[in-house]
Structures are given as C-alpha cells and as structure tokens.
2 protein chains.
Amino acid sequence: MPAPLSDSPRQVRIALGERSYEIRIGAGLLADAASWEGLPAAAAALVVTNTTVAPLYLGALRAALAARYRSVFEVVLPDGEEHKDWATLNLIFDALLSHGCDRRTVLFALGGGVVGDMTGFAAASYMRGVPFVQVPTTLLAQVDSSVGGKTAINHPLGKNMIGAFYQPARVLCDLDTLKTLPPRELSAGLAEVIKYGPIADLDFLDWIEANVDALVAREPRALAHAVKRSCEIKAEVVGQDERESGLRAILNFGHTFGHAIEAGLGYGEWLHGEAVGCGMVMALRLSHRLGLVDAAFVQRVTALIARAGLPTVGPALGAERYLALMRVDKKAEAGEVRFVVIERPGQAAVRGAPDDLVRQVLAESTR
Amino acid sequence: MPAPLSDSPRQVRIALGERSYEIRIGAGLLADAASWEGLPAAAAALVVTNTTVAPLYLGALRAALAARYRSVFEVVLPDGEEHKDWATLNLIFDALLSHGCDRRTVLFALGGGVVGDMTGFAAASYMRGVPFVQVPTTLLAQVDSSVGGKTAINHPLGKNMIGAFYQPARVLCDLDTLKTLPPRELSAGLAEVIKYGPIADLDFLDWIEANVDALVAREPRALAHAVKRSCEIKAEVVGQDERESGLRAILNFGHTFGHAIEAGLGYGEWLHGEAVGCGMVMALRLSHRLGLVDAAFVQRVTALIARAGLPTVGPALGAERYLALMRVDKKAEAGEVRFVVIERPGQAAVRGAPDDLVRQVLAESTR
C-alpha cells in the first residue's frame, strides 16, 4: 500500500450543517493568501501563537493575512501545557479588548494543541463567540486536536475541564511546518495517527505499519497521507456525534490512562501524545483481559507504538493513584471510570471495567 | 386593563428546537418538589447562590431537590456585580471538581442576574457543557436575565465580554422571592419590565402605566402579569434570534448608555437596572433627535421610569468618556457605536448615530 503520489493540496470536509468547514492539507499553504479566501469578512484578525512558533511562522502568516484584513494583531503566549490555564487565556482577552476588537474579529490559532485549544475557547467565549481558524503546526494538532471543535483549558484538579464545543471556520494544515518539529513531538503526533487504526480502520493500521519508518523520517507524501486519512476518520466520527454524546468518545482511545499519566506526573512532564501512546498499550491490555482482543493484536499495536518512538511502559504512580486520577475523567459517570476499549480490531466501545482488572493492567504496564 | 385574576402558575415556552424549555411562574414554586419534575436525570445537583440569598432560600431549595438528586451540593458566592469575574466563577469549578461532579450533574442558579450569568457560563464550560436551571430571585432576573441563554462574566476592560449563549433546561420564577427584595432592586427590575413596552408592545406599556403603583407595592397579581408578559415578549424575540445576529439586539434598549454608566462609575455603584432606566431616557432622547419619536413619547416613558423609582439623570462622566466606554460595547462594529433606538412607539431598531447628536443627548441627560 504505497502513499498516494500526488503533491497537490488535499481537502477534507467536516459535515456539521451550518457549522461545516474544510480542512486543507498541503505544503506551503500558510504563506499563500489564497488559503484564506472565503473566510468570514472582518476588519481585524488576531493571531494567537507561542514563543516557540512565533519566530518560525508568525511573520509569514501575518504577511498573508495582511492582504485580507485591515488590522492584523498578534498575541504570543508562553509555550507549554503548564500554561494552558485561565491566566494565559486571559492574555488573549486582554489583547482583543485592548485593540478594541469587535464581534467581527477572526482569531487564528498558530501552533500546537495548546494554542489551538486556548484560542478556540477564547473565540467561543469572546463576546459570546467570534470566528476562528486553526493553523496547526504540530502533527498532533493536524491529525487530532485542531479538528472537531473541542476547546478547553486545564483546571488544577483536571485536564480540559473548562471549555466548549466550538467549531473553527477552517483548518489549515501546512505540512512544511512539520519540518521544524522536535523528534519527540513528531512521535507524540504519531500516537494519535496510530490511534485511528485500532478504533476504526485496519487498512490504515496496515498502511501505518508499512510506512512508520517513512513517517518518522518525515517523508512528505507519507505525512500527507497520514494527516489526510486521520482527518477523514475524525471527520466521520465528529460528523455523527459533534458533542460526544456517544460514538465520539472512541477518539479518546488511550486517553483515560494517558490523562492519569499526565496529571500524575504533572502536566508537561510527558507530552500528551506520549501519554496517549502508553495509554493505548494499557487500554489494549485491558481489552485483552476483558476477553475482547487476543494477545497477538495487543503485541502488534504495542510494537508499532514503540517503533514510532513512543513509551510503552507507564510511570509507577501506584494503582490507587491511577484509579483516583481516572475517576475525574470527563467520561466517568457517578464515580465509575469509563474506558475506551477495542471490542474487536478496528472497532472501539466505551465501557466500565472492574478495578481489579485495571490494577492488573497497571501492574504489568508500569515501572 | 386589570391584571389577570387567576393565582395558578403560568407557563411560557421558549421555542428553540431541541434547546426549548419552559419558564414556570408562580408563588411557592421553589420549595415544591413538583417544580423539578422532568429535568435531566442526574446523580448530583449543585446549587450556586450568594451570601444574601443563601440564608433566605437555599434551605428550601435544597430540601426540594433532595427528593430528586442523591447528592445536593452548594457553593455560596460573594454578592455583587463586582464579583462577576473569573476568580468567583472559578469557585464554581472548584466546587464541581472537589465533589467529583461528572457530566451528568445539574447546576441550579439561585439568585439574581449575577448568579445566573455566572452559573450559566460555568454550566456552559464545565466539561464543555452540563445542564443548568435558572431559579431567579430578583425581578430583573425573572423578567430578563434568566431567560434566553446569555451567560457571561465581566473583564476589567468590559462588561459581559466573556461568556456563551447557553440555554437553561428550565427557568423557575417563584414570585414569593420578590417579597424580600430591597426596594432599589425591585425598581431596577421594573426598568427591564418597562423596556418591553417601547420596543415591542404598546398595550403592555399602557398596562404598566396603569399598574406601576401596584407593581412598586408588590401586588402579587400585578407582579405575576408583569413577569409573564415580559417573558412572553422575550421568548418571542429570542425564539427568532437566539444568538443575537439581528433582532435580539433590541432587547438591549437603554443598555449601551447604561453600560457606560455602570463602567464609568465602577460596576456595583449603580444597579444594572438603574443604569438601564437612565439609559432608556438617553436612548429615547437620541431617538427623538434622530427624528423618530416625538417629545411627548419621550416624556411619557421618562415619567413612567421615574414613577418606578428609577434615576432619569445620568452621572456627569463627560461626553468623551461616555463615547469611549460605548465603543467597547458588543454591538459596536469597527469602532462605530450602535444604539437601540425607538423607530416608532412599539418598535425598535439598531443603528449608529453621529457623535455630536450623542453629545447633545448626554449634555441634557447628565449632571
């Protein structure tokens, strides 16, 4: 299964009625004024980015937007998951208000998942809602967090606890931005790519296995296909369940364990994608112990996660600490932890599991 | 035009498709377990109230809710518009997370507009959205702020700048709670009742004129009719324009000037309804200077506002300060202030006005 041969931009549509929008995927898109045609008319744009991304891409984006907006403002946030809080979010509101931005301002999120989540929540909340555009510059944001309208900030007692479902007006994935991504972050993004295989598409899982070395080596056509296929699967799921009343929760495969790792170590210690990679190993083992998948499938996906450069063994926080952290997960109901499990290869479901089974999984998956 | 004779509870429906809900209006509803039937099933309820309302009604509401929810938690906020900020909002999130509340928790806003706005925004944002119920205990909240799904907190640079459109699952107006309302707050509520006359219903304006003394004296049937008719008009407007893309802005009659008064004096100095009362006088004079209504109509409504116990002369902030404060109003577009004016008695519209005309209005309306 080779990667497609074409280098031309690809498009994926998220079908959500009047909230529908396009994901555009390709090289060199960010600096191309044509990328921004058709967005809501507005006098002003505010680009939100961080201290790492600003020196790399802010100038090019501002130049491209200047052709369309009379005023282009910027706000540069500190970089890192530990800044995904109210104080940092408020820097966006301060910028909007100090520039006198009205309801017809468009926000642009230039950066990874943290920038996208915070910009999206700021857009959802500023004057009760202004349009925003996702310009993800990490693989994780391109294949997952920028698509689907989940926005949030963290609370000291839980990750992504405060936020909104709020769809962007467009998502623009410029593959060139992945060239500057640190290797750890590329691997973290691959965790979310791999995720789509076990939960939804075994053909894609085969393709990732055949191309994982090319992906780690940042072969452009491999990355282009990985981003496009990931977005297609996510688009299909989100189109059926925008507000996560059911199906959409399968996209959190690996995330319940993963969030516990992140929270237990302190946000920012492990990257989100690293925690998800390890969390998927745990969730696969739980699925096996529930009698849903065989050991060979667990081994197969675990090996792929390792080849992508991701951890497959979790930190030894202690089983009780893991369980306590998972009880504040947003999928929990009346204190019972809910896990995304693999029902059979290519299909996921959400269900509870006995604490003892979870303890066994944690015992064999941490050190 | 006498007030209706029946004492039985009244209902008004807000028709918004799957977000539709009922406003229930009557005496003694709060402590009646039947009032809470049909709400979303949940294990836990969190009542949000403030230090003024808690001693009066929290016990009764908690007792009524205990029949329906396994756990009933509470959080008591400091009272006052000056606390409508992130720090106070965060007390709600702290309570939800420290009690381990999940997505199926229902929030109850027991109090006035500030409690309702903050509880609504907390419900909109907690885990990206949980159900909430408005239990307004002030006249202003019963006739205006609890209905229609506008939620927000203030920012140091602007009132209600951060929030969401998020509809409650029900609004319950217990008229008995108005018995404990301080006279100033009753008058402030009457400002929003009077508002509906000039913008939408001259028959209602006639009725208010005939019954304003009964309203000030808290005659129960007069209050019942005022609350019901106000909610009906608001329901009709909100049903046509939930997210304020057009028509709904007419409900802000008096609010552009009023917000400038509140912000200019410092939030909490004048009550919101007092500022709106005075702001309506200014907006009427502006409408007159724009050639839309005659002086007699301005005089008539101004006299009614005064009879309701409201100020009709604004603080002397200086015209330029007023104009600067109004430019950050959410209706402003590209720096131009937009006013709700009376096009002809019973009909409102949103439009700009020359700064000089606004200065003339301010000169005759402040001291």
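Glycine is treated like the rest: Cβ placed from N, Cα and C.
Where the annotation comes from TrEMBL, it is an automatic prediction and has not been curated.
Among the candidates B:E192, B:E336, B:E343, the one that TrEMBL lists alongside B:H255, B:H272 as binding Zn(2+) is B:E192.
Non-local neighbourhood of B:E192 (Zn(2+) binding site): B:L139, B:L140, B:V143, B:D144, B:S230, B:G273, B:V276, each in the same chain, at least six residues away, with C-beta under 8 Å from its C-beta.
Taking the C-alpha positions, the distance from B:H255 (Zn(2+) binding site) to B:G116 (NAD(+) binding site) comes to 18 Å. The secondary structure of B:T138 (NAD(+) binding site), as reduced to three states from DSSP, is coil rather than helix or strand.
When the binding-site residues B:G113, B:G116 are scored by other C-beta atoms within 10 Å, B:G116 scores highest. Other than the site residues B:E192, B:H255, B:H272, same-chain residues with C-beta atoms no more than 8 angstroms from the centre of those residues' C-beta atoms, the Zn(2+) site, are B:L140, B:D144, B:S145, B:A191, B:K195, B:G254, B:G258, B:G273, B:A275, B:V276, B:G279. For the domain '3-dehydroquinate synthase N-terminal' (B:75-187), the model's pLDDT averages out at 96.
Distance between Cα atoms for B:G116 (NAD(+) binding site) and B:H272 (Zn(2+) binding site): 14 Å, as a whole number. A straight line from the CA of B:H272 (Zn(2+) binding site) to the CA of B:D79 (NAD(+) binding site) spans 14 Å. Neighbour density at the Cβ, taken as the number of other Cβ atoms within 10 Å, is lowest among the binding-site residues B:D79, B:E82 for B:E82.
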